[in-house]
């Protein structure tokens with residue numbers, strides 16, 4: 001089934017299991033970062049990202065930079081906001097706190113709109129907040145990896161456009177790009193940041209993002225220089241534009257191997273309609289969520305409309321612990337993640353169901369995950385009600 | 001000889017040719033970034049870096065972060081200096097200008113001490129500069145990739161300790177770590193930043209650095225918070241310490257594949273005495289530099305004491321152009337780089353001779369490079385004097 005050595009299926013909310021061909025591309029022989037063959041590969045990769053984000057607006061701008069998903073926050077905070085600017089951070093878990101820290105590092109004033117754990121800020125509250133103060137940016141975690149809560153982008157965008165049209169809508173899509181529908185142009189998004197190792201299906205090491213022409217204009221109209229050097233649009237914008245135009249240029253050395261792997265992964269993803277990909281993720285997610293309910297377990301995200309399609313966060317039943325359950329499941333061949341939300345971390349686990357584990361019909365990861373979860377809980381003494 | 005598909009030998013000053021086993025590690029199956037097996041690998045990798053930098057002081061601190069070599073400048077500028085601090089930048093080419101830009105991004109006042117192209121600032125001038133003003137940091141590009149100029153660290157460190165002992169000595173070792181002798185403890189260095197894709201022999205995508213206890217104390221005694229989020233010691237220091245102690249922890253997802261490749265490369269490097277490795281680089285470098293002289297060509301770095309051992313920058317003879325020569329050499333199976341120093345870029349080429357191209361006795365890259373250079377110049381109409 002796979003050329004990879006036998007190993008437990010990695011079913012955490014990223015990194016995920018990778019396709020053989022993607023891993024093979026990781027060991028590509030060495031190429032010059034400014035030579036024609038690699039420039040061609042990088043340029044094609046950037047163009048394919050436009051398709052993944054469903055943008056045909058030629059003034060949208062993709063970025064691929066060596067780094068982790070976290071670097072995306074610096075890209076936003078250091079380029080699209082200026083010291084003293086106000087931003088509204090919709091809070092659904094761990095990552096809104098970190099994004100807030102990042103804004104504050106660059107002197108940007110972040111106001112959090114918090115929701116109870118497992119929920120998300122509601123449109124009327126957001127409307128009220130947007131009317132009370134003028135925000136340069138509004139940020140939303142599309143799928144909060146710490147809680148499995150999915151936010152609704154389309155209605156949020158309509159609200160922002162109606163109530164505060166100058167506010168840029170920034171999406172943390174680290175755990176959503178590639179498994180959740182994102183229509184960058186149609187939903188008038190201004191920035192979506194993500195990383196390679198989740199539903200995009202390429203090993204970790206790349207910060208990937210897309211910005212609207214409005215966002216790029218906002219950057220160009222800054223009164224102060226960007227607050228970061230490595231994460232500066234000033235340094236990267238010409239580089240990304242040159243690579244996509246198949247012209248060599250240099251600011252910092254990209255990783256040819258990671259870019260080859262991303263190229264391979266995007267080629268596979270785009271070989272089928274995106275709608276099929278999202279439907280496959282929804283179907284696998286429903287299968288897991290039904291199994292969780294059948295076991296009598298509760299998800300963190302209560303409302304089905306708020307439940308992510310690429311991951312599931314599940315409260316452990318009384319008496320079952322993370323360190324008791326997960327190592328036993330690993331012996332059964334599946335790796336799940338523990339909790340991450342600091343208030344309740346020891347009380348829940350997280351299952352990732354993204355990429356080839358979901359889309360490759362030859363893989364049995366999802367069925368094995370469901371089977372292992374049931375047996376593992378039973379062995380931990382849990383009896384379903 | 002190699003399991004890699006046939007391709008021209010990449011002999012630019014990074015990325016370099018990689019060992020088969022290193023490239024194989026790049027396609028490692030997916031692992032959790034917080035699972036015991038990967039934590040073990042990452043921890044060992046950090047410990048091996050101590051050996052590479054020749055530090056046995058347990059309070060030295062290695063960092064490995066997804067990013068490019070450029071990120072190292074942000075690590076220094078955003079953590080070891082504060083807004084308003086004065087730093088002295090020794091200028092030997094392109095990279096001192098960029099490092100200066102980076103300092104200025106974070107509000108740090110950088111003074112450049114410039115040398116003519118192909119030379120480096122001399123100790124008496126540096127002494128004079130250090131006596132005129134108190135500098136928080138002094139930075140030096142160990143090997144300037146734009147000119148092939150090697151700086152002398154030991155005498156520089158002695159000077160700094162004597163004249164301005166509070167000044168931290170920061171080394172940009174992107175093009176030197178792994179091919180030039182660096183004795184971190186003995187030479188009392190405070191920071192050395194580098195990247196994976198040059199003499200360390202691991203594909204691009206990792207910022208690698210080492211700091212002294214003095215540097216870490218300087219960070220801890222800051223009056224202002226670090227100027228960057230992604231490059232913040234506050235965020236990374238506990239993570240690096242935890243990984244090395246084999247404890248899982250999380251700030252941003254590292255790249256397991258790149259870290260595996262780095263682990264493989266460091267294991268190979270450290271399987272022999274470092275002195276042998278540096279001697280092999282010196283020998284290959286001498287061979288190339290002799291061939292260059294025999295062809296009647298001039299290096300940018302005139303004084304042999306200023307010539308790097310991992311690369312050679314060579315003025316093209318009258319009538320031979322970079323776009324005329326390099327594509328022809330690529331057809332002969334070797335890839336060299338064009339010039340990078342903005343004042344003279346079209347007038348010279350750069351040859352990288354680092355890593356397996358130098359240390360693997362089965363490879364003939366160096367001889368092929370010399371042969372191709374001679375034939376290529378001849379075909380371009382050059383007659384040696």
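Our numbering is plain: 1 for the first residue shown, then up by one each step along the chain.
Note that Cβ sites are derived from N, Cα and C of the backbone, with glycine treated the same way.
Taken from TrEMBL as is:
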DOMAIN    B:27-340  domain 'Aminotransferase class V'
MOD_RES   B:198  N6-(pyridoxal phosphate)lysine
BINDING   B:350  substrate binding site
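In this structure, the residue listed as 'substrate binding site' is part of a beta strand by DSSP. Just so you know, the Cβ of the residue listed as 'substrate binding site' picks up 22 other Cβ atoms within 10 Å once every protein chain is counted.
Across the structure, residue B:350 (substrate binding site) and residue B:198 (N6-(pyridoxal phosphate)lysine) place their CA atoms 14 angstrom apart. Averaged over the domain 'Aminotransferase class V' (B:27-340), the predicted model has a pLDDT of 97. There are 30 other CB atoms within 10 A of the CB of the residue listed as 'N6-(pyridoxal phosphate)lysine', with all protein chains counted.
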